[in-house]
Amino acid sequence: GLPTHYSKKQDRALIMPNLGCNGIKTKIINRKMSCGERPQGTRLHSEVTLYYVVTTLPCCLFLFINVTMLLTLRSKAVFRETSRYILLFNLLFSDTVQLAQNQIMLLLSAGKPLVYPLCIALTVFSFFSHNASILTLVLMCLERYIAVCYPLRHAAIVTIKNTGEAVCVLWTFSLLIVLVEVVLMLNVPFKDLPNKQLKEFCGRENLYPDQVAEMYHKVFTYFLFTYAGVTVTFSYIAIMLAARSASTDKVSARKARKTLLLHLMQLGLSMSATVQTSLLILIFQSIERSTATAVQVFLYILLSLLPKCLSSLIYGLRDKTIRPVLMLNLSCGRTPEHWGGDPKITA
């Protein structure tokens, strides 16, 4: 466990990754060791290695599932020409990019400190895909709302053209937001920028030069999650009220409500990831290091990795159109009759 004389600053110096839209934070206690303390350093190195292995294995599994799902959504015309599946592909793409980027930043943290431009590029890329993912969730909820509450106008409103334009708008909006963050981060003389190295970890905490940049990020993050949360909640309540009408398809409304609840859970997990640093600091101050490391791995998988694979699990297992094709791809050729879907879809 931690000695009683450790300060809060030393607690922060323990192995503490903070991934996703907040970048990564990894640092090891930097203090002189006597000969008698050498085994403790060896044990610490073993814990770091185990941490990387334990987090990389589920990440590779989730990447395999997501990539298979992406290929599935491009394999049939019914997926390429349906607005719902176009939005799902967009959501999966941004989630898969975040999933890979999170683990890359974690592995890079094992080496020497990154140069400032590379850290900015990785962190901003994470912000970019994260914002696009949240906004795509909003669009998918609105699509379900229109499908249940306005079924006769759904085909006229939610067209492939309108869906494509909406996707372009959300990616453009996400790009503009991160470009502002880049300008705020680049408060460094350009002649020093190429060779400037970070003294500590690569993450937004070390990239923002002043309070203005940090405040901008916080305000936009809170606005984005509030907007998404209100939209999902509104859509859920509207669908629940519409289900009481005699003219509403009860089965479709029930499925839509379940889907929106799952999206709300995704949103909650993504929001939890933004406070992961504060949570980990609190954990390291109150429990032993070995236990805290186990909790840390669990939180990283739960908050940073799993939410990026939920879309594949939600739609891949629940959607009767996707399920037979996805299972066929994942199982290397087993017949679709085993998966309870329509065999004609795989033709």
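Note: Cβ is positioned from N, Cα and C throughout, glycine not excepted.
Note that the structure is predicted; figures quoted are calculated from it, not measured.
The transmembrane segment annotation in TrEMBL covers 50-73 (among others).
As annotated by TrEMBL, domain 'G-protein coupled receptors family 1 profile' applies to 65-315. Summed and averaged per residue, pLDDT over the domain 'G-protein coupled receptors family 1 profile' (65-315) gives 82.
Taken from TrEMBL, the feature transmembrane segment applies to 85-108 (among others).
The transmembrane segment annotation in TrEMBL covers 114-142 (among others).
Annotated transmembrane segment per TrEMBL: 163-186 (among others), in sequence order. Nonlocal intrachain contacts for the transmembrane segment (163-186), taken as residues 6+ away from its ends with a CB within less than 8 angstroms of a stretch CB, comprise 83, 86-87, 90, 120, 124, 127-129, 131-132, 135-136, 139, 193, 207-209, 212-213, 216-217, 220.
According to TrEMBL, the transmembrane segment annotation covers 219-243 (among others).
Feature annotation from TrEMBL assigns transmembrane segment to 264-285 (among others).
Residues or ranges marked as transmembrane segment in TrEMBL: 297-317 (among others). Sequence-distant contacts of the transmembrane segment (297-317), counting only residues of its own chain at least 6 positions beyond either end whose CB sits under 8 Å from a CB of the stretch, comprise 17, 19-20, 51, 54-55, 58-59, 62, 65-66, 68-69, 72, 88, 91-92, 95-96, 98-99, 102, 259, 262, 265-266, 269-270, 272-273, 276, 279-280, 323, 326.
With a threshold of 8 Å between CB atoms, the same-chain residues lying at least 6 positions outside the transmembrane segment (85-108) that come near it are 17, 19-20, 23-24, 26, 52, 55-56, 59, 62-63, 66-67, 69-70, 73-74, 78-79, 114, 122, 125-126, 129-130, 132-133, 136-137, 139-140, 143, 160, 163-164, 167, 202, 304-305, 307-309, 311-312, 315, 322.
Distant neighbours of the transmembrane segment (50-73): 15, 79-80, 85, 88-89, 92-93, 95-96, 99-100, 102-103, 106-107, 110, 293, 296-297, 300-301, 305-306, 308-309, 311-313, 315-316, 322, 325-326, 329-330; these residues of the same chain sit at least 6 beyond its ends, with a Cβ under 8 Å from one of its Cβ atoms.
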